[in-house]
Amino acid sequence: MKQYLNTVISNPRPAQALGINQPFVVFCFITSRALSFVPAIYWCFKCLHLAFVADKFKWLPLTSALWTLVSAYLSFVLANGFLLKWLIHYSIGPTIIRLFSLNVINFSFLSLSVSFITHGDNAYLLPAWIAISCFQTAAYIVQDWITSPIIRTLPFRSSSSSSSNYRHNLDFLEITVFAVVPVGIASFFTMVMLIWQLYKYPDSFLVSA
């Protein structure tokens, strides 16, 4: 946990590799990356509040809160990946502007997705956040493919490299660790909660229908 916390509040590794260590710039990078998961964390607390005040079907807001955490994590790794690409292609100022613009887009995407899928009914928060997390997982896979040449050539930015260094490929190990595993863990616990609900209240879904 301490390692992940240090990752959030420390200078991003791409900036360190490029020798960017100005305090104000580092503060902007840290702030923009932290803002990436604020919307999902807000919905996490909202789901936990719904679980606290609910008389039954507490598993729905609880599992929804779990998926919001998955979305928050994916939002962070997406912002970190865009930071890597933009630092290579743009100067510091445009990169910071793009990062904050990305947070605005992320906030709008999450808000509109939840509103469109749930139509104001909190009972649909779980499928909404599952859909959001799956979309973000697909976006991370595309981003990993796009930034794959940058990752290989980053330490040798000023040197000439062979054309093979600029070929796009997918790092399946990285995708599995950073995208598939979080979604898989959340899916497992969602399935367990659903089975528990069916076992304890076998007629609950018939009644709710």
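Just so you know, glycine gets a Cβ as well, placed from its N, Cα and C.
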Query raised in the report: Would Swiss-Prot put Thr95 and Leu50 on one side of the membrane?
Result: no
**Report entry** Composition by DSSP (helix, strand, coil) of residues within the topological domain 'Lumenal' (85-98)
**Finding:** 12 helix, 0 strand, 2 coil
Query raised in the report: What average pLDDT does the predicted model assign to the topological domain 'Lumenal' (143-174)?
Result: 60
